[in-house]
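Structure first, then comments.
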């Protein structure tokens, strides 16, 4: 690399001096004890810089306290200020950079310092610096785990990756199946925290958006384009963004995979699939205490923003067209982000341009100090990107000086969605109890005589009918309430732990591991997406975390696990749109979108991260510790057996599922009958769009109901199998439970088959009707064919008879001529042809005459067109001949004029020329003394030559004109001959038509 200029070295020295000043900041313990003033909204009040890790607010909590460990001490004094957590992650050199001779320009000097290889005095200190061999799981534990924990406690959090293009931002945030990124690890950790907090209920919602060319698009709803950013007292928000309530990690990861399908990516010189937009994945967390005794307590509300920024691009990218436009918008938003961070840290009360870009406007509340912020800067050590890496490090150094204050958000009123769901569930349960306990009392029957027995009997029958209808209505209302309670209860997640245990132990222990199941890994890309354009792979060896195995065992395990994942991924993709599986076998109605696969040979991967379990059975056995529906979770051997209360809840849950299954089956049968009726109406009026729309709507409803039925069918056996101990207490043997399950399945299959049979029967009736109609049509066609064949036979017979009659007539005439004696027998007449034969013959002749007439008309039309064309040609030729004659006349006049001029010029010139020549021959001395006559002679000679040339040109033109005149005359003669031929043909045609008419008259009319 070339030597730095002097000015650049001075700037580097000043930066190093700044680092030295930063290193002399107080220690972490001193910072935590120091009570800093709360900054005003929008600008910081302190310019103190620090490079220590931001304080993790994890108080020492009691194990036997009545409150949850996550939410103990919420009403204490406000927490002290923190600095933004800034970490730096290096990616390894790619094979292409190694082949090109790239050198390491920046390196990690320890765990907290980044130093320049060219100028060791230039260094920057951060909370943590990760070497190229560091795994994403280690990055998450340091840079993101405390932010996720705070978000589950009610503190807003923001985690975003910043860096140039192809530095590994998307790999760090999203990862792949071998190394899940920050976003999958955060989602998994959030559900693990729910499992470890048994005395609180949680409601999780997610949204996923992108900022592409300064336009906000909803990735979960492709129709949500160009959304607007609004503001309210709680901060900025996107109007019209779609939020999905998530029930499991696989559910959330499937939404991320579906959103990634709609994200804008493109190819550049550095990346085969480069992110062309910023994405923000938001996890909204609401929680409240469990039980009705804590009904009046506030609901905690927080948002966790996981941001994947697009990489800044330099001029070396050499982009054009759309890519250049995208790069300009990306650089503009990142430049605005840098400006905002600079103004936040300079300590001056100046205007902060949050509104200059959509990205900074959405990050306004996070950067203004409301919540915890973690910045992960991804850099490349290559010398070709040394300047870009230096800019990223300076940006991270400025961001480290931002101060934030983590405070818990509480919602006292009824605006919380979880509070709304809880109140509605409570109200529906009360209504259900009223329906169960309600007793319909009739009017007491008074003593009546024998005369009124019939009247009272009739009234009693009427009352029974009314009571029966009322009972049916109440049963329907009960079923609807059960379905509503089940649907709402599924959305609220609670832990399976029956006892209160603390997440945080006073003594340090092993960190919680994040074991992903196969159904969760299926929604992550198999290979990292941000591929550097290369034909080689760069897989570095990473240490095995928590597993004491040798290098050969680790390689063999990764090889086997890769084969299992490939088999599972292929099976998923063959299915197309697969069904999402939750932790207890529930099927979500979301369609899985598989992220685009990338070539294996063109990737530069971070080190692979081995998981704890290495077999498909082990993964499925320890997939999730939470479940869906009625707040119940799968039984875990680590946390003991379920309590009797939980068992009773599970029994009620199974009953609810069965009731809902019956309701859905009835609804499917009802919708099927409605669809049948609409189909009949559509057959009668196929152009009615309203009926078509109703049919489509009913079909969609039937599909949704069938999908729900399939989901319930899978939930019921799973719930029964997870509670075999409870079944033993209730004297239900496994065989009886299996028989009951099979009975339910068979009954449902029978209902479905009955509905299918009805549909098939209707289709069969329609096909039978169509077959009968086709048979009638075939019989009719056969009859017509038979009649046609008979007519053809009669026609051929009549023709043969006519020919025979003609031959006999000629023979008789010949015989009469030879004998020349007429044989007339008085009183006898010659035999006549049958009248039918004559009629057929006349019809045939009429058809022939019609054909002849049509041919003649066609021929006349053609001749008329040809004659018209010939007349046009003749008139055009006459006009052209006239024009040519006029032109010839003009040229002849001009030729005569030129000839006269030439004659006048030629007459004196030869004499003067001859005399001059003789004079020059006689005496050369006399020519020297007479220059004027010689000049005149030369001028005359030149004039004569010019006139001769003009004359030759005129003669050539005259010859050309003469040739054209001859051609015109020939063309005129040809056209005249053609015209004459045409008239002859017309006359012949008229004559032939006259003869034909005469023949027709003589042949038919005369006879």
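Placement of Cβ uses the backbone N, Cα and C atoms for every residue, glycine included.
Marked as region 'Disordered' by Swiss-Prot: 1-79 (among others).
As annotated by Swiss-Prot, transit peptide applies to 1-53.
Taken from Swiss-Prot, the feature compositional bias 'Low complexity' covers 1-55.
Confidence annotation: the domain 'Kinesin motor' (83-402) carries a mean pLDDT of 85 in the model. What Swiss-Prot records for 83-402 is domain 'Kinesin motor', and it gives sequence analysis as the kind of evidence.
Residues or ranges marked as ATP binding site by Swiss-Prot: 163, 164, 165, 166, 167, 168, 169, 170.
If you look up Swiss-Prot, you'll see 403-495 (among others) marked as coiled coil, on the strength of sequence analysis.
What Swiss-Prot records for 579-607 (among others) is region 'Disordered'.
Taken from Swiss-Prot, the feature coiled coil covers 687-716 (among others).
Within the chain carrying the coiled coil (754-791), a Cβ under 8 angstroms from the stretch's Cβ atoms is held by residues 668-669, 672, 676, all 6 or more beyond its ends. What Swiss-Prot lists as coiled coil is 754-791 (among others), and the listing cites sequence analysis.
Annotation comment: Swiss-Prot describes 836-907 (among others) as coiled coil, evidence class sequence analysis.
The annotation region 'Disordered' is assigned in Swiss-Prot to 901-941 (among others).
Summarising the annotation, Swiss-Prot assigns compositional bias 'Basic and acidic residues' to 920-941.
Residues of the same chain lying 6 or more positions beyond the ends of the coiled coil (942-982) and with a Cβ under 8 Å from any Cβ of it are 863, 866-867, 870-871, 873-874, 877-878, 880-881, 884-885, 887-888, 891-892, 894-895, 898-899, 901-902, 905-906, 909. If you look up Swiss-Prot, you'll see 942-982 (among others) marked as coiled coil.
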* Cβ-Cβ neighbours of residue 165 (ATP binding site) (radius 10 Å) -> 25
* Structure fact -> Around the Cβ of residue 163 (ATP binding site), other Cβ atoms within 10 Å, all chains included, total 26
* Structure fact -> Excluding its own, the Cβ atoms lying within 10 Å of the Cβ of residue 164 (ATP binding site) add up to 24
